[in-house]
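Here is what TrEMBL says about this protein:
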REGION    1-27  region 'Disordered'
REGION    43-72  region 'Disordered'
COMPBIAS  52-69  compositional bias 'Polar residues'
DOMAIN    82-139  domain 'SMP'
DOMAIN    147-204  domain 'SMP'
REGION    156-190  region 'Disordered'
COMPBIAS  161-172  compositional bias 'Basic and acidic residues'
REGION    202-226  region 'Disordered'
COMPBIAS  209-226  compositional bias 'Low complexity'
Amino acid sequence: MSQEQPMKPQMGEEAQEHHNNATAYIQEHKDLSIKAMDNIETSVSARRAATNEPSNGGQVGGKSSQQASPLAAEAIFERGNITIGEALEATALTAGSRPVDYSDAAAIQAAEVRATGRTNIVPGGVAAAAQSAATRNARVARDDDKTKLSEILAEATSKLPADKPVTRRDAEGVIGAELRNDPNLTTRPGGVAASLAAAARINQINQTPHSQSPHSQHSPSPRNKD
């Protein structure tokens, strides 16, 4: 079965149906694995330690909070919040060896759009690179010769002109993009949608007073591919 190009425009009832599907998957799959949340936390902690980035003070990834998406009132960087760029970089660790396909490219584009607040992709950015990789990979026979997710997402934060903490709405949008561009209407275990869902849950827990450890709570997660 052929795959549609990333982020195919949708209108009316079709767009509403895909939105409902993404929301339904989030509601139905509440058992986000401890491993997924561990992967996100480990990746982000290691990256911040390596780059000596502040965990507070209005900056994440070297970008001022004033540069965050103008469409997102929640884009106030608080201690512990995981950004979209960081969640994308975590995907490079959890699913980095997999070839980029159209569903990955669509999810990455949805994530970039939500991070930047733009309606179009950034020239030379992470979404543009993912689209090019997916198109190329579709024409390559051997998996060993295909561009892998790690090659696209390893430095995702530096390729985003703006970044913001991941919210549940961000995760829903990315899940929907990945689902509708997959021929089986599923998402990758440890993939872009899964990483955004894990990051959104961790952020939600961190913002809850007297919250429990993320490992003691369950989280919405996308339906996984076999």
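Placement of Cβ uses the backbone N, Cα and C atoms for every residue, glycine included.
Each residue in the domain 'SMP' (147-204) gets a DSSP state, and the totals come to 35 helix, 3 strand, 20 coil.
DSSP assignment over the domain 'SMP' (82-139) gives 38 helix, 2 strand, 18 coil.
Across the residues of the domain 'SMP' (82-139), the predicted structure has a mean pLDDT of 96.
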